[in-house]
C-alpha cells in the first residue's frame with residue numbers, strides 16, 4: 001500500500017492495526033546517497049573495528065535522507081498454515097510544519113539518484129507528497145511552542161489554562177504602541193456595548209503587537225470574551241475577538257485544543273509509525289540493515305550519539321529485537337549452501353532445495369507482490385522479500401529438530417543466536433556488530449599497516465610483498481593500507497626489512513592501533529570540558545529492552561592471491577631466522593498507539609537490567625536432534 005502525505009492520516013489506523021496483529025515486521029529504506037566523502041570501498045575497510053565503522057557511517061552517511069521506508073508485517077495463520085502480509089511503502093520528506101519548524105538540510109549523491117531513477121523511483125512523490133516527521137527534540141520544542149501560545153492567550157479568557165506569566169496588573173506598554181493598544185481597547189468597548197455584533201476582526205499586526213493585545217486583554221477583560229489568532233490566505237496573522245459566555249468559551253477552547261493536537265500529530269507525522277513499531281517490542285527483520293537502523297534512529301528519534309556503546313544502548317531501547325538476514329545467510333548452517341547473499345539472489349536461492357518457500361498471501365485490501373517481476377529497490381517490496389527470506393531460513397532450521405518442525409515462529413529459541421547482531425559489510429574477521437555486548441576482538445597479529453606515496457597502486461603493494469606469498473590488501477586512503485599476510489611469523493621479518501626504506505613505512509597492526517589510541521586520548525584530554533556538556537537531551541523512547549545471550553561459532557580463514565613484481569621485501573638469511581612477531585590483541589508488549597515516547601532513557605536502562613534478571617523462556621522450539629552438532633546455529637566469534 002502506497003502511503004503519501006495526502007492519505008497518511010486516513011490510513012494510519014490500518015498501519016497501527018497491522019503492527020498490533022503482526023508476529024514480526026520486515027523493514028527497508030531507500031536513501032538519497034551512501035557516502036558524502038570517501039568511496040564505498042574506503043568507507044568499508046576490511047580491517048575496520050566496529051567503532052571505526054560506526055564513526056565512518058555517522059560522519060559520511062547521516063547527512064543523506066531516508067526518503068522511502070518500506071514496512072511489511074507478517075502474521076501466521078495456523079488454520080491454513082500460511083502467512084498473511086500487509087505491505088506499506090511510505091514516502092517521507094521533512095516538510096517544515098510552520099515558520100519556526102526545522103528547515104532540514106540534506107545532501108544527495110548523483111550516483112544514488114541516477115540509480116533510483118533507473119529503477120523507476122518517483123521523486124515527485126517524495127518532494128511534493130512526502131510525509132513530514134519530527135524527531136523527539138523537535139517534537140518537544142513544538143509542544144513547548146503550543147504551551148507558550150496557550151499561556152499567552154490565557155488571560156483574555158481565551159483558555160482555561162493558567163499561565164505563570166499572566167498579568168494581574170496593568171501592562172507596561174511602550175510609548176510607540178500606546179496609541180495602537182488604545183484603539184484596540186476602544187474597538188472592544190464598542191463590541192461589548194453592541195447588541196448586534198458578536199465578533200471583531202482586528203487588522204493584521206506584528207507578533208509583538210499581538211502579545212501586547214493578549215496581555216492587555218488579560219488584565220482588562222478577564223471574562224466575557226474569547227481571543228484567537230487566525231491567518232489570512234496571504235499568511236498574515238490577525239486577532240479575532242468574540243463575545244461569549246463561560247460555557248461557550250470552554251467549548252471553543254476544547255475545539256481549539258483538539259485542533260492544535262491534530263496539527264501537532266500531523267507534524268510528528270511518520271515518526272508515529274516508527275514509535276508504534278518500537279513500542280510493540282516485536283522482532284524487526286532487515287537485510288544488511290546497519291544503515292537502515294542508523295538512519296531510522298537518527299531521523300525519527302534523535303541525532304546519533306558520539307560513541308558506539310551509547311548507540312548500542314539507544315538502538316536496543318528503540319528496537320529490542322533485530323535480525324539481519326544477510327548475517328543469517330552468511331553463517332552456518334546456511335553458509336555452505338548459499339553462495340550469494342545479496343537480497344535478490346538470496347530470495348531466488350531460498351526457493352530451491354533444500355529450502356521450501358513459505359505459503360504467503362496478501363491481506364484483503366492490500367496489493368500483492370509478484371517476486372517474478374523483481375520490483376527491487378522499492379522499499380516495500382524489498383521489505384517483503386526480506387521477510388520471505390527470513391521465513392525460509394527459519395523453517396529450514398526447524399528441519400534439524402527431532403521431530404522436525406515445518407513452521408518456526410519469530411519467537412522460537414532457534415533464531416535467538418541471530419538477535420541483535422547486524423552484518424558488517426566487507427570486514428575480514430568481524431562478521432557483525434553486537435548490539436547486546438562487547439564486539440569481537442580478533443587477533444590481527446598477521447596484519448601490517450603500510451604508508452606509501454599517493455602515486456602507488458595496488459600492484460605496487462603486491463610487488464612489495466611478493467616474497468610473502470598470499471596477501472590481502474585493504475585500502476585506507478590514498479597513502480595507506482592494511483596488508484594481511486598468510487603467516488603471522490612473517491610480520492616481524494617484513495617490519496625489520498623495511499626499517500631503512502625511504503618511500504614507505506611498515507608497522508604492525510598493534511603499533512598502529514596503539515598510536516591511534518594515544519592520539520585519541522590526547523585529543524579527548526584537550527576537549528574534556530566540551531565532553532562534559534555532551535551528555536544532555538538524549539533519546540527517551542518508551543520501550544521494553546530485550547536481552548539475549550551471545551552465541552559463537554568456529555574460525556574460518558581468508559587468503560588472497562599474490563602478485564609478483566619488481567619492488568619487493570625479500571628477507572636476508574639472518575632475518576629469515578627471526579622469532580615470531582609480537583602479536584597485538586586489540587582491544588513483547590501490547591501496542592501503545594502514542595504520538596510521543598515520554599519515557600526517559602534511564603527508565604529504559606532499568607527495564608533492560610530487570611529483563612536480564614527475569615528473562616523468560618520463549619515459545620519452546622523442540623529438542624535438537626542428537627545427530628546434529630550442538631553449535632549448529634551459533635553465530636561465529638571469528639570469521
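Even glycines carry a Cβ here, placed using N, Cα and C.
Pulled from Swiss-Prot:
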BINDING   28, 30, 292, 382  divalent metal cation binding site
COMPBIAS  606-615  compositional bias 'Basic residues'
MOD_RES   163  phosphoserine
MOD_RES   167  phosphoserine
MOD_RES   220  N6-acetyllysine
MOD_RES   499  N6-acetyllysine
MOD_RES   530  phosphoserine
MOD_RES   557  phosphoserine
MOD_RES   583  phosphoserine
MOD_RES   587  phosphoserine
MOD_RES   619  phosphoserine
MOD_RES   623  phosphoserine
MOD_RES   628  phosphoserine
MOD_RES   631  phosphothreonine
REGION    560-639  region 'Disordered'
SITE      326  site 'Interaction with poly(A)'
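Taking the features listed in Swiss-Prot, we show where each one sits on the structure.
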| residue | record | Cβ within 10 Å |
| --- | --- | --- |
| 28 | divalent metal cation binding site | 28 |
| 30 | divalent metal cation binding site | 24 |
| 220 | N6-acetyllysine | 17 |
| 292 | divalent metal cation binding site | 26 |
| 326 | site 'Interaction with poly(A)' | 23 |
| 382 | divalent metal cation binding site | 27 |
| 499 | N6-acetyllysine | 8 |
Between residue 382 (divalent metal cation binding site) and residue 326 (site 'Interaction with poly(A)'), the C-alpha gap once rounded to whole angstrom:
13
Per DSSP, three-state class assigned to residue 499 (N6-acetyllysine):
coil
What whole-number Å value do you get for the CA-CA distance of residue 292 (divalent metal cation binding site) and residue 326 (site 'Interaction with poly(A)')?
13
Rounded to the nearest Å, what's the C-alpha distance separating residue 326 (site 'Interaction with poly(A)') and residue 220 (N6-acetyllysine)? Just drop the number here, would you?
69
C-alpha of residue 30 (divalent metal cation binding site) to C-alpha of residue 220 (N6-acetyllysine): distance in Å?
57
Centre the Cβ atoms of 28, 30, 292, 382, go out 8 Å, and tell me which other residues of that chain have a Cβ in range of the divalent metal cation site.
27, 29, 68, 69, 70, 286, 377, 379, 383
Look up residue 382 (divalent metal cation binding site) in the DSSP assignment and report helix, strand or coil.
helix
Between residue 220 (N6-acetyllysine) and residue 499 (N6-acetyllysine), how far is it from one CA atom to the other, in Å?
88
Rounded Cα separation (Å) that holds between residue 499 (N6-acetyllysine) and residue 28 (divalent metal cation binding site):
50
